[in-house]
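J.: Can you keep this structure in mind? I'll have questions shortly.
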């Protein structure tokens, strides 16, 4: 009877009774309405919990206390005003992208990126830079691949692999972003045209203000009703543009005025970028952990691997079709496949709440990982085989320029008529004059 009296005492306040709970006069115990999916269940501690059950009653016999479960602790009966039964404390952990470690890492990466852009600006030759501005064939080809081929490829991959709404939009956003700064570094490592690379990065970022909303408006309507054009963070685009233009412009000025200082800055920027990449990969793996990586579907991994590879191939193929020089082909190739994943991450933060986006926040990081790995393989192949082929070709060109065989000299003498020719009559006259002397 003690347990029954305690139960009756606990149920006495009317504020603790749900609206659909009635008291049976015969049984003397509360019973839940059969139409409600929620019923009162015994709680492991003080207070009541709501759980899906058809009905429950209180018997005068003592019943054993069930073990605590996660479901019994999630929903509690909250009375009006102050309650004598405290709610169970549930620890709240912020998402990994909202932690102080991630914010500090973003600041570190941003500072290293500015140093890298300063060093890349020191590699620009002002004379060749103007030539690419007057004849922007490479920049137009990169823009065609960047905002024409890659968004269409991302759209088709999302349809082929039947991705859900969040995953499809994450893939589409990454495909519509402008070129990233990784292409500038990789172009430098493969002896590409740095003037063309920087022009392509700047122009694609400027074009993103117009073409990126257009691509999102065209392709995103297949999954969501809210136009992502309204969610485009113009502040993030402007910040990306400033972080690219200002250091590069300063680097060009240093190269123009102080040549030796520019060479030193290039070396420092390359080493700083190498250290930044190592720290970034280690810290990203530490923050994410294997559980979050395992929650990503396998189809998303396939898309993250195939997209940058297709971008590199399309850029190189289009540059070959238009008969660009070999160094420009490599530059267009790397610029097309390298995307600005920082901008994609910023849009995903604004487009979806953290609890809804979940592991799809990882797709830009996966894309950055695989585009860096594939570009690294491209650089490694070039360093192993491409440089040897180029050296052999340069040696052949030098041999042709320094060929001083008798046949070649004879042909040049016969073809050289800049000083006139000597006829037979002039030759007889010269012989007579010499005899007279």
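Note that Cβ sites are derived from N, Cα and C of the backbone, with glycine treated the same way.
As the structure is a computational prediction, the values presented were derived from the model and not from experiment.
Relevant sequence annotations retrieved from Swiss-Prot are reproduced here:
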COMPBIAS  22-41  compositional bias 'Polar residues'
COMPBIAS  42-74  compositional bias 'Low complexity'
CARBOHYD  6  N-linked glycosylation site
CARBOHYD  20  N-linked glycosylation site
CARBOHYD  181  N-linked glycosylation site
CARBOHYD  195  N-linked glycosylation site
REGION    15-79  region 'Disordered'
TOPO_DOM  1-103  topological domain 'Extracellular'
TOPO_DOM  125-140  topological domain 'Cytoplasmic'
TOPO_DOM  162-197  topological domain 'Extracellular'
TOPO_DOM  219-233  topological domain 'Cytoplasmic'
TOPO_DOM  255-267  topological domain 'Extracellular'
TOPO_DOM  313-360  topological domain 'Extracellular'
TOPO_DOM  382-437  topological domain 'Cytoplasmic'
TRANSMEM  104-124  transmembrane segment
TRANSMEM  141-161  transmembrane segment
TRANSMEM  198-218  transmembrane segment
TRANSMEM  234-254  transmembrane segment
TRANSMEM  268-288  transmembrane segment
TRANSMEM  292-312  transmembrane segment
TRANSMEM  361-381  transmembrane segment
J.: Any same-chain residues 6+ apart from residue 181 (N-linked glycosylation site) with CB under 8 Å of its CB? Would you list them in sequence order, or say none?
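T.: Residues satisfying the criterion: 113, 116, 117, 201, 244, 340.
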J.: Applying a 10 Å Cβ distance cut-off over all chains shown, what neighbour count does residue 195 (N-linked glycosylation site) have?
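T.: Around the Cβ of residue 195 (N-linked glycosylation site), 24 other Cβ atoms lie within 10 Å.
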J.: DSSP on the topological domain 'Cytoplasmic' (125-140): how many residues come out helix, how many strand, how many coil?
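T.: Counts, helix then strand then coil: 13 helix, 0 strand, 3 coil.
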J.: In the same chain, which residue numbers or ranges, 6 or more beyond the ends of the topological domain 'Extracellular' (255-267), come under 8 angstroms Cβ to Cβ?
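T.: Counting only partners 6 or more residues beyond its ends, the topological domain 'Extracellular' (255-267) has Cβ contacts under 8 Å with 118-126.
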J.: When the topological domain 'Extracellular' (255-267) is classified with DSSP, how many of its residues are helical, how many are strand and how many are coil?
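T.: So the topological domain 'Extracellular' (255-267) is made up of 12 helix, 0 strand, 1 coil.
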J.: For the topological domain 'Cytoplasmic' (125-140), could you work out the same-chain residues 6 or more beyond its ends whose Cβ comes under 8 Å from its Cβ atoms?
T.: 193, 195-196, 198-200, 203, 252, 255-256, 319, 322, 324, 328, 331-332
J.: Would you mind listing the long-range same-chain contacts of the topological domain 'Extracellular' (162-197), meaning Cβ under 8 Å and 6+ residues beyond its ends?
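T.: For the topological domain 'Extracellular' (162-197), the nonlocal Cβ contacts are 113, 116-117, 120, 123-125, 128-129, 131-132, 138-139, 142, 146-147, 150-151, 153-155, 204-205, 207-208, 212, 215-216, 219-220, 222-224, 228, 240, 244, 270, 273, 297, 299-300, 303, 307, 325, 327-328, 330-332, 334-344, 347-348, 351-352, 356-358, 360-361, 363-364, 367-368, 371-372, 375, 378-379, 382-383, 386-387, 390.
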